[in-house]
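For reference, the structure discussed in these notes is given below.
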Amino acid sequence: MRGLSRRVQAMKPSATVAVNAKALELRRQGVDLVALTAGEPDFDTPEHVKEAARRALAQGKTKYAPPAGIPELREALAEKFRRENGLSVTPEETIVTVGGKQALFNLFQAILDPGDEVIVLSPYWVSYPEMVRFAGGVVVEVETLPEEGFVPDPERVRRAITPRTKALVVNSPNNPTGAVYPKEVLEALARLAVEHDFYLVSDEIYEHLLYEGEHFSPGRVAPEHTLTVNGAAKAFAMTGWRIGYACGPKEVIKAMASVSSQSTTSPDTIAQWATLEALTNQEASRAFVEMAREAYRRRRDLLLEGLTALGLKAVRPSGAFYVLMDTSPIAPDEVRAAERLLEAGVAVVPGTDFAAFGHVRLSYATSEENLRKALERFARVLGRA
């Protein structure tokens, strides 16, 4: 009998991907549109990384790779996690995946049985709940509040823990809020994972895009309970190369590799050699990251100053490249607000699928000129131009 599975029918397409695709299509049709939708850097991949890919091609490094990644990259990852995150891991405790998204997908497939609960802090990246449900898990939302800077309250998290809790997902710096969780908060959450014996899934994909404070990896507190997920996409402007990576307990990493072996086989071999260059040519990569970070900082400040001048509220982000903007001055809800802004020539992502109701997400991974245009169009929507 033909038909789609119930689990696929229950899965929602990614809202952020859909909105960005719509914005790109409108642009292709000639619509004058400022898109503040992209969850990716607007910079090109650094030249030293592209050159490494060309070398790999010239050297014929085009065959299958092992499911967990080429050994050279796993060794570099173990060193990266030690050097930058303070995590004592071996190459066997690392894995390379087809983007950070696959690392998370494989992880939930590896650890969840039907009915297992996963605590997800809201607002959240749109894919966390869908991945959990697809693996048979149950999503338990714990709210973070704008008046608290969208930083989680460990006691609120504690109250959500049950005997069925299998994991807690944390994402700092955060998408969509830009919040950076203080060290003491992450330490408290890590201690909860140890106390109640569940996994702490730490998504650190934006670790290098930090404007205030310091990045802290909770795996330093609870190494046997923590899976640290990261990737090349955001730091090195490599979104299309599709290289993610993770580290954690060896038995979980091995299970994640088994999922890869029966699905994608392995990440792109050439992209792995390029990522190896990004991780090991530290001087060139550091210069690129610092350049990008300072550009994002300027853009963030420009956008926040403009929103404030228009009377629009947003919690100041300390990391990533997103702002959650309160939509109450524009429309009764975030969906209608996004529609009004689109009519004015600005594409944004409604907060609905982030569980950020009454807000839209603005990405400042675009030029300062585009941000100024967007602010001018916001002013027209508000009747102030």
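Cβ atoms here come from the backbone N, Cα and C positions, even for glycine.
The Cβ neighbour count for Asn175 (L-aspartate binding site), using a 10 Å radius and every protein chain shown, is 26. What Swiss-Prot records for Gly39, Trp125, Asn175, Arg361 is L-aspartate binding site.
Note: Lys234 (N6-(pyridoxal phosphate)lysine) has non-local neighbours Glu40, Pro41, Ile205, Tyr206, His208, Leu209, Ala320, i.e. same-chain residues 6+ apart with C-beta under 8 A of its own C-beta. Under the DSSP three-state reduction, Lys234 (N6-(pyridoxal phosphate)lysine) is assigned to coil, being neither helix nor strand. As annotated by Swiss-Prot, N6-(pyridoxal phosphate)lysine applies to Lys234, with the evidence given as experimental evidence.
Under DSSP, Lys12 (site 'Important for prephenate aminotransferase activity') is assigned to coil, being neither helix nor strand in the three-state scheme. Using a 10 Å radius centred on the Cβ of Lys12 (site 'Important for prephenate aminotransferase activity') and all shown protein chains, the other Cβ atoms total 12. Residues or ranges marked as site 'Important for prephenate aminotransferase activity' by Swiss-Prot on the basis of experimental evidence: Lys12.
Report note: the L-aspartate site is defined by Gly39, Trp125, Asn175, Arg361, and the residues of the same chain whose CB lies within 8 Å of the CB centroid of those residues, excluding them, are Thr16, Val126, Pro176, Ala320, Tyr322, Val349, Phe354, Ser363. Here the C-alpha separation of Gly39 (L-aspartate binding site) and Lys12 (site 'Important for prephenate aminotransferase activity') works out to 18 Å. With respect to their backbone Cα atoms, Lys12 (site 'Important for prephenate aminotransferase activity') and Arg361 (L-aspartate binding site) stand 19 Å from each other. In the three-state DSSP scheme, Arg361 (L-aspartate binding site) falls into the strand class.
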